[in-house]
Amino acid sequence: MAECSHSGILMGSFGTNTSSTTSFTLTGFPEMEGLQHWLAALLLLLYAVSILGNILILFIIKEEQSLHQPMYYFLSLLSVNDLGVSFSTLPTVLAALCFHAPETAFDACLTQMFFIHLFSWTESGILLAMSFDRYVAICNPLRYSSVLTDIRVAHMGISIIIRSFCMVFPLPFLLKRLPFCKANVLTHSYCLHPDLIRLPCRDTTINSMYGLFIVISAFGVDSVLILLSYVLILRSVLAIASQEERLKTLNTCVSHICAVLIFYVPMVSVSMVHRFGKHAPEYVHKLMSLVYLFVPPMLNPIIYSIKTKEIRKRLHKMFFKPKL
């Protein structure tokens, strides 16, 4: 308390917020010191798979004329977003785990936090748009081309980005108004809003309430609407007489269902661990957060490469039938 009061006096005397000169110390896995090099190598491999895989998906969709349709436009947007997630965490993860340079400036930390959460909420919106695409394709196939026109798909993509930006935009400013006079050590090798709001020595109720509001209004609403779309899809599929046709129709949704699960399951698991696993070792919390940020960008291109016939064919041509 004395330290906080002293900080407040300094703020009053000099008329500046202590946060403007604060830096943060990012942490790796000190509990697993003997495995740090192996962990760094694993993360580098995950980054390589994620970045190369998503770039490959974008290249194939651009080159294959048959993939120029709404479903693959949304997949392109998902790949761009996954690249954004990877590049948002890459600088500090490499610095903390590979180069033993854990210090990061206050403004740089807020910038990273902004982009990590921006891409997270954007991914949720993209998955919702993809579920709408599958709903129209299965429940109202005759109107698919008239409902999901190129212009409408573009408007949906822009709306998703604008929504995410508007939600995340206040977070850095809500943090910047607070004095940081505690030990500024973060529990991860990147900056997250729940981690940062533990550090100010002033009341953070507004920050916490706003964070909860945007989680419910984005992830909560999106997940409910995705679930509703699949209830309607399942009802439509069960009305099909032929079992073979049912399986064929449901097979068009498998890639999207997998993408939804690998995004929402780690996110829910992280929340459950933070809420109910407070006595779990610190490295468990860190590993769960890494899974949440690293697994979806890595697995999405792999899933779509395996389950999409057109992408599979193009990959086969590129890697197994080189031109003479």
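Glycine residues also receive a Cβ, built from the backbone N, Cα and C atoms like all the rest.
Feature list (source: TrEMBL):
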- 38-61: transmembrane segment (TRANSMEM)
- 53-304: domain 'G-protein coupled receptors family 1 profile' (DOMAIN)
- 73-102: transmembrane segment (TRANSMEM)
- 114-132: transmembrane segment (TRANSMEM)
- 153-175: transmembrane segment (TRANSMEM)
- 212-238: transmembrane segment (TRANSMEM)
- 250-267: transmembrane segment (TRANSMEM)
- 287-306: transmembrane segment (TRANSMEM)
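Within its own chain, the transmembrane segment (212-238) has Cβ neighbours under 8 Å at 121, 124-125, 127-128, 131-132, 134-135, 138-139, 163-164, 167-168, 246, 249-250, 253, 257, 260, 264, 267, counting only residues six or more beyond its boundaries.
The average pLDDT the prediction assigns to the domain 'G-protein coupled receptors family 1 profile' (53-304) is 88. Sequence-distant contacts of the transmembrane segment (114-132) (same chain, at least 6 residues past either end, Cβ-Cβ under 8 Å): 71, 74-75, 77-78, 81-82, 84-85, 88-89, 156-157, 160-161, 163-165, 167-169, 171-172, 190-193, 214, 218-219, 222-223, 225-226, 229-230, 256, 259-260, 263, 293, 296.
With a threshold of 8 Å between CB atoms, the same-chain residues lying at least 6 positions outside the transmembrane segment (250-267) that come near it are 78, 123-124, 127, 130-131, 134, 137-138, 219, 223, 226, 230, 233, 237, 288, 291-292, 295-296, 299-300, 303-304, 307-308.
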